[in-house]
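Annotated features in TrEMBL:
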| type | residues | note |
| --- | --- | --- |
| ACT_SITE | B:387 | active site, proton acceptor |
| BINDING | B:144-153, B:177-179, B:292-294, B:302-303, B:360-364, B:389-391 | FAD binding site |
| DOMAIN | B:28-137 | domain 'Acyl-CoA dehydrogenase/oxidase N-terminal' |
| DOMAIN | B:143-241 | domain 'Acyl-CoA oxidase/dehydrogenase middle' |
| DOMAIN | B:253-400 | domain 'Acyl-CoA dehydrogenase/oxidase C-terminal' |
């Protein structure tokens, strides 16, 4: 007989998954001529790859009947609904679109998003939040950690393996030194790393079924969140052009060149 | 007087042309999502596996099974048989993406659509539920069994005989070049039921559904072809094969019309496949032209090469518009024979031209099997032959065109 607390958590467990719409990983990024950002108009966008992994993990938990409902959340303008729909086609049950557009969207960052997620977690009575470890456009790697802090929930970041054990989550984390295994109590925040799973394709029948699933619109103000940013982007530049190298004939020449360049 | 006559004839032609405004709109969100899944699958899973299937000739069943799982196959099957009831336009979008990956794999998949189409357009409820239903329950293949060693373009010249004996038909004959011949779970078979040579084609033939494991059905050896080598093509011998009368489509004598009617729906996807191959040729050639240097410049900067690429691009864009028009027409419920033939004829021709030009742009490397374009040239040829040869398409187009003119 399972402990009452475990049964309560898993039988009605609700997972919130954050999905971010980013420029597709295969696109060649170009900086805008006014150097305020990168070109996004007419550029292919898709779901952040780490968010795909997060959705896959949540759907797998649902298929194992360890959680009851998967809710996909995205913050941004109208177009993020495409990203939510992809999550629905992968198996999420419903979506929440937090409307942020224009200037607010350009300055939207981890602090505001984590406040939004914390508010939604309370409103939706979520037991677990799964996010990608970072987005491939800003590489911030902050939202998961900030969300956990705001909620005062434990966090399992850079997860390469997640297992539900009684009322705790066993998380294997990828760290610099290797792998670290921790056990955290639910409710918790988990951020997905590359090797957590291989995201499934949305099959065509599931894409059609996803059209019937609901996406609800919410404004940050409704959640009591102020999305104004305290950061100002001064400029955006391309990385410096890679200079061509120099070939040398002998090891002696190599040592001389390195000395000249002040490297040794 | 003669000038007046010319004017009148021209006006008659103009009455029938350019009367439609194609509202070119973006694909719907669902179409874009479908295309995205097909594109991802083709580029990530078919492209890397295609060269080894081409070398070994092995049937790409793992890829076909994957495509089936993703819902990329059997799109035409109606919803009440477990399918998605997709229109021809949506099916073409998917087909072009898969063909980009490998037309051998795509042909194996497309042969299912061709085999199923007679049942979709002419089957009764029991036949549809039985033979289309099973295709959505597990990844099965089927085949369109019409061509014979002695009759390809001249379908009315087929000799396979079906003789009614009680509640069955007994079939004897020889079919050839049947795609999926050795892998099919069932066949659409066209056989002659009226032996009278004076009987017209529209009454002499009957369409049957034949279970592949029926005694007497003998697939021959897998044929070794120039291209699309992983596709399974065989001769099939029918020796005293007994088919229950329940498996007749519509009725005795209705076969020819069913067999031909299927083409209006399957020619646009075949054109889409050829376009996918041409698109692949264009992309591979473009990538190479931006990497390879000659006389101090990227070869793409030499006009001879950039003009080749421009002409390839022209052909690909036009072929795409042609198959989209043909698919759209039939989805609107109109007879699209004219457009379907134009699309298939044009796409087949340009696929060959683009593949050849791609090899040319690759130069010596293009001739070599380590580079992807020689396979495209070998794969492209069949598009001018199957599903109605380039010559038959021209017959159809001229007949349709002159028919409109005479009205």
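Any Cβ shown, glycine's included, is placed from N, Cα and C.
Remember, TrEMBL labels are computer predictions, not curated facts.
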Problem set entry | Integer Cα-Cα distance in angstrom, residue B:362 (FAD binding site) to residue B:387 (active site, proton acceptor) | 30
For this session: Count the Cβ atoms, other than its own, that fall within 10 Å of the Cβ of residue B:302 (FAD binding site), considering every protein chain shown.
Result: 14
Problem set entry | Model confidence over the domain 'Acyl-CoA oxidase/dehydrogenase middle' (B:143-241) (mean pLDDT, whole number) | 96
Seminar exercise, completed: Here the binding-site residues are B:144, B:362; the one whose Cβ sees the most other Cβ atoms within 10 Å is B:144
For this session: Kindly report the helix/strand/coil residue split of the domain 'Acyl-CoA dehydrogenase/oxidase N-terminal' (B:28-137) according to DSSP, in that order.
Result: 87 helix, 0 strand, 23 coil
Problem set entry | In three-state DSSP terms, the structure that residue B:362 (FAD binding site) belongs to | helix
For this session: Please name the residue among the binding-site residues B:148, B:179, B:390 whose C-beta has the most neighbouring C-beta atoms within 10 angstroms.
Result: B:179
For this session: Could you tell me which three-state DSSP class residue B:152 (FAD binding site) falls into?
Result: coil
Problem set entry | Number of Cβ atoms other than its own within 10 Å, given for residue B:387 (active site, proton acceptor) | 23
For this session: Provide, as an integer number of angstrom, the distance between the C-alpha atoms of residue B:152 (FAD binding site) and the residue listed as 'active site, proton acceptor'.
Result: 10
